[in-house]
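Annotated features in Swiss-Prot:
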BINDING   G118, S119, N120, G121, K122, T123, T124  ATP binding site
Amino acid sequence: MKQVKELIGKRVLVLGMAKSGVASALLLARIGAEVVINDSKSRADQPQAGELEAAGIQVVCGGHPLTVLDGCSLLVKNPGIPYTNIVVKEAEARGIPIWTEIELAYLISEAEMVAITGSNGKTTTTTLVKEMLEHSGRKPLIAGNIGTVASEVAQKAKAEHVIVLEVSSFQLMGTNAFQPKVAVWLNIFDAHLDYHGTREDYIAAKARIAANMGPADYLVYNADDPTVVQAIARIGATLVPFSRINVVEDGAYVKDGTIFFKDEPILALADAVLPGAHNVENMLAATAAARLAGATVEQIRHVLSHFPGVKHRLQYVGSWEGRQFYNDSKATNILATKAALSGFAKPVVLIAGGLDRGNDFDELLASLKYVKAVVAYGETKSKLLALAAKANVQAVTAERVQDATEKAVALSQPGDVVLLSPACASWDQYRSFEERGDEFLDYVNTIIKPS
């Protein structure tokens, strides 16, 4: 890894002892900084406190005394900690720079970075780029908001690697020198306004992905999103558009039902596995980014024609007796289920339900065009029955996802899609959307692959 000489001997506060905080503290100690780490939870709730102290790091738990900032030249904070936190506000008042862990990862990395952000589609696009590069003989390492701590990956990365990094607005706010070789900005929707305060601040945080890029760097951006187009107007990178609607000859686009990158035909959309207009955008963005980072057309084509989707995110599970099964357990809101349904122009048996947050499901009415039946479960099942009645769609209820899937199979015929896309959070019955999706996968796999 590269040395960061300006941090040697400097006192640095790491705020938050989640995964990225612990990784940052250990990295800073390795660099040669004097490190103190602080978390509001008690020491009894911090199993890694001993490891940190063994590395020479001062551990302060059980509150946020402002004295932890005394003598500090830098604050590295967990991305989820808001800027309204008393320690963060005090650091700002004292003029102490505030970073997140991806800034550290960038500074030490010997490998080039491909960074992907956006309100939706980050994980799918990040995974696609990683697969395209891997199949092309590059050595990609996936990291960031996708679950692998970026600074841990960056310590292991060599010059021959490429770090493919999923980054959130929370992470990007704490960057200073961060400069990926290729950046992707997928889209912008109103989100996280409780954290950022205003839509303008949220957009500005996203735009930091390209703030330091120059003409030798590439920003792949959504030319169909007017907010993104406006936000990048002063960016110094070489701009590479992608568009699902128009032909953009200097980027990635769809022409006559085929994905192109510049003048290179990549793949007919009919041969891609991922359904939905939103996934066309993800595929276009990934194609452009991977091509710019050294992937071959042949291997991009191979990945797009075989990639089943990220687990629980409109994931293609398999087929049985002419029925196709998709796991979209990550669809924890109505907007996500609308996006999933937009991807199918064949009969769908929809499995939906979960935690009742007081939502009005009438927003889904227009999206039920191809839905032949609804299997509703969980706290919202009565609301979903009412929705189905308004749409003149057959509906039944179930207790849990496995029961719902059995009933969905019984209601389906060859040529149909059986889709788990709950439109609700899982917490009425499941600890997480992953646990809910795994129950669906377990049952479907017993059908597809009987023991």
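Think of each number as a place in line: the chain as shown, counted from 1.
Using the three backbone atoms N, Cα and C, a Cβ is placed for every residue, glycine included.
Features recorded in Swiss-Prot, as mapped to the structure shown.
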residue: G118; record: ATP binding site; Cβ within 10 Å: 26
residue: S119; record: ATP binding site; Cβ within 10 Å: 19
residue: N120; record: ATP binding site; Cβ within 10 Å: 18
residue: G121; record: ATP binding site; Cβ within 10 Å: 24
residue: K122; record: ATP binding site; Cβ within 10 Å: 22
residue: T123; record: ATP binding site; Cβ within 10 Å: 22
residue: T124; record: ATP binding site; Cβ within 10 Å: 26
Output field, ATP shell: CB within 8 Å of site CB centroid, site G118, S119, N120, G121, K122, T123, T124 dropped: I116, T125, L186, N187, N282
Helix, strand or coil at S119 (ATP binding site) [DSSP, three-state]: coil
